[in-house]
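These features come from TrEMBL:
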type: ACT_SITE; residues: Glu100; note: active site, proton acceptor
type: ACT_SITE; residues: Tyr174; note: active site, proton donor
type: BINDING; residues: His99, His103, Glu122; note: Zn(2+) binding site
type: DOMAIN; residues: 41-224; note: domain 'Peptidase M1 membrane alanine aminopeptidase'
Amino acid sequence: MKEIFLAILKDPILVEKEEGISIRVFGFEEKKEELYQEIVDEATSALNYFEEIMGPYPFKQLDIVLDGMGMEYPGIVTAHSIYNSGLNNSKQLKTMVVHEIAHQWFYGMISNDPYKNAWLDEGFAEFATGLFMYSKSKQNETYNSIFRIDPKRELPVNLPLDQYDESNMGSYVYGKSARKLWELFKDNGELKEAEKFLKSYYLFYRYKEVDTKEFVRFVKYYFDLKDDTLFEGWLELEK
């Protein structure tokens, strides 16, 4: 366990149990019961999906703390407070919760340097979140509409964080990373093949640390690639 999270909290507002895992929601707005229930339902669905396509969630409890920024810790995720927010923006909040849950696999069980290789956990968590949303939509919503990137984003996604402007870092580390991962499968089996890839990636690297070089090695082996052409335009590779 790399990190811990400490918080002084009241009793959870909502507790549900799903196949032996307790899901607890903490917040400050007791009158938001409907939205809290939506968040628990979404978290439950995401947890089941990620377990199915990758592997077991490693803890007996998942705590969701709604206060402050989105962040992941072992067995705990945080997301924005829902103070003064109604159901109109619940989708954005639920998506944030799902993204942070995905980190229990990417960064939690598959480790990486969060400064030099942030894209390997943020991009994969965003990619897995997109697959979850895509699977829920019954594919009525195209993956292209779930992830849009500005074509002007010409930098590679695997630079150290200080080499991006604060204003566009997320567009690369989250958005472009996830989009480029999806493009590996856009014309190659789409959702089902992407899920198979994540399963293989997880089983191979769980409890290990990955960097960009190792990711490239895995992808080339997985797709039987002979050169690095596939990575041009989005990864900066060592010469």
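Each residue, glycine too, has its Cβ placed from N, Cα and C.
TrEMBL does not curate its annotations; it predicts them automatically.
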Setting His99, His103, Glu122 aside, what same-chain residues sit with their Cβ within 8 Å of the center of the Cβ atoms that define the Zn(2+) site, listed in sequence order? Gly70, Glu72, Glu100, Ala102, Phe106, Tyr107, Asp121, Phe124, Ala125, Glu126, Thr129, Tyr174
Based on Cβ atoms within 10 Å, give me the single least packed residue among the recorded positions Glu100, Glu122. Glu100
Looking at the recorded positions Glu100, His103, Glu122, which ones sit with their CA no more than 10 Å from the CA of Tyr174 (active site, proton donor)? Glu122
What is the separation, in Å, between the Cα atoms of the residue listed as 'active site, proton acceptor' and Glu122 (Zn(2+) binding site)? 9
Taking DSSP as the reference, which of helix, strand or coil describes His103 (Zn(2+) binding site)? coil
Would you count the other CB atoms within 10 A of the CB of Tyr174 (active site, proton donor), including those on all shown protein chains? 22
